[in-house]
């Protein structure tokens, strides 16, 4: 077995992957099987390098001394000899020197192009320097004579010197056209390399069962919604008691569809109002940042005012309950039409605007997952608007309609305690999402997933009509609970909400500004992307603490419905399955993105969602 060349703790020069530049690194470990050194850069990045990509610092110092020992007098004497050539030399000699000069200029142009390419690679691949930790944990200081800068300077100086000498002593004067060609060649080299890096690749790893799975989900998701709503209308909503199918003509009502369209466009008007701050999202693949207006909470307040006015004029809001199935069908039809429009317009979208997870080249898969990442009509972002506005605010309105329907059907002077708990818990969840609207800009729905049938149906149909399942169930199947039971359920919901909100706040604040003094107590593992993986706080407890809080809250929302039927707990079962799927997707995505740093994080935080269980 070959012996290792560099010892642990030794400071050497490591080549940055994909570039020709070397940076000062420290050897941390060595893999005898793979023959790879794990090295740590000054910014905290850890990478595995081959022995051929590592050099000792002495070799760089030797090279520097060699370059500095070149005597200017020798170059000047050489120039003197070339200028003192006798005019009486044969023409053949002059032609040969002219040919050599041309070769020299060709070599010079090639050298300049290689230098341009080296600079391009340096710009595209140089490691991040915004982390403030060194090997010993102390703040990193800025060193103007960094070894990497010296190497780059040594590489550029000879090329610039060659350029100056040739321009001054060339046997034939350079033409302007030739200069333009050289400049164009350099720019073309830069643009070509940069473009190759920016163009997104095709989606190779398909989710949701690939083409067959997504094709089935297009029909299975609407069928699941209609099945759940029909079951809630049953006197005995047990799983074995399959509900009779209604007549097709009873599922559609033009007036209901008109009300849904009015609701959708009313929320669009609220979205366009020039109120609330404008913030930038995370950088896209081309480096551009989109702007978003944060006014979801204002839209909620305006919606509440509009609903209050309708109730003041004695508008019967329980109309929603009486035509609940027709509203669900209208929302499903609208989401399907929206998905078709989104896919058709995505066919003309530039490559850099396509979604990383919806660019497979398969029609069904891309239609389901979303082909375009951020479809916009002017400044109106369709995905961002649908993510929070019509469905999430509509969920609260539906819950209120179920509360009023319960009071009317059962002749109650006030709603039941179970209905109050369900409405209160879910109202808190929606208000929290709208109040912290800016946090959604860092989620995978915005940064990774395209806007297709999956998100359109999920935002406009699944969220308002499935998430309100507990309130809809309680209208036809009331359940009386005691005050002590209500207090225990409230405490459970508060625990889940606290975990959910504090975990998300830690993550979002750290992503936005890792140098915030308020986050000084948080420890993290640096990665090659320049980002850090939190290993303290909630993110040091489990890998996805926000999912843990979600599941606890979902259980608290279902407990007021009692234990007579499993139907109200469908949401809990669905939520667990959804979050386990998301967690698996996040694990795969993070492993590809962070590499060795993610493996270290998984060793540090072994549990995924449930501590000591999963």
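One is the number of the first residue shown, and numbering goes on along the chain from there.
The backbone N, Cα and C atoms fix where each Cβ goes, glycine too.
The domain 'Tudor' feature in TrEMBL is assigned to 4-62.
The region 'Disordered' annotation in TrEMBL covers 53-112.
Residues or ranges marked as compositional bias 'Low complexity' by TrEMBL: 66-75.
As annotated by TrEMBL, compositional bias 'Basic residues' applies to 76-97.
Look at TrEMBL and you will find 101-112 tagged as compositional bias 'Basic and acidic residues'.
Feature annotation from TrEMBL assigns transmembrane segment to 208-230 (among others). Within its own chain, the transmembrane segment (208-230) is flanked in space by residues 243, 245-246, 324-325, 328-329, 332, 362, 364-365, 367-369, 453-454, 457, 461-462, 465-466, 469, 472, 567, 570, which lie at least six positions past its ends and keep a Cβ under 8 Å from the stretch.
Under the heading transmembrane segment, TrEMBL lists 250-273 (among others).
Annotation source TrEMBL lists transmembrane segment at 294-313 (among others).
According to TrEMBL, the transmembrane segment annotation covers 325-344 (among others).
Among the features that TrEMBL reports, transmembrane segment is placed at 455-475 (among others). Within its own chain, the transmembrane segment (455-475) is flanked in space by residues 221-222, 225, 228-229, 232, 237, 264, 321, 324, 327-328, 331-332, 334-336, 338-339, 342, 370, 383, 386-387, 390-392, 394-395, 398-399, 402-403, 405-406, 409, 416, 418-419, 422-423, 426, 445, 449, 557-558, 560-561, 567-568, 570-571, 574, which lie at least six positions past its ends and keep a Cβ under 8 Å from the stretch.
Remote same-chain residues near the transmembrane segment (481-500) are listed as 417-418, 421, 425, 428-429, 432, 538, 545-546, 548-557, 559-560, 562 (criterion: CB distance under 8 Å, separation of at least six residues from the stretch ends). Positions annotated as transmembrane segment by TrEMBL: 481-500 (among others).
The feature transmembrane segment is assigned by TrEMBL to 521-542 (among others).
For the transmembrane segment (562-581), the list of distant contacts is 228, 231-232, 237-239, 418, 466-467, 469-470, 473, 477, 479, 481, 544, 547, 550-551, 554-555, 609: same-chain residues at least six beyond its ends, Cβ to Cβ under 8 Å. Under the heading transmembrane segment, TrEMBL lists 562-581 (among others).
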Are there residues at least six beyond either end of the transmembrane segment (250-273) with Cβ under 8 Å to its Cβ atoms? List them, or say none.
293, 295, 298-299, 302-303, 306, 323, 325-327, 329-331, 333-334, 380, 385, 389-390, 393-394, 460
Within the domain 'Tudor' (4-62), count helix residues (DSSP H, G, I), strand residues (E, B) and coil residues, in that order.
9 helix, 27 strand, 23 coil
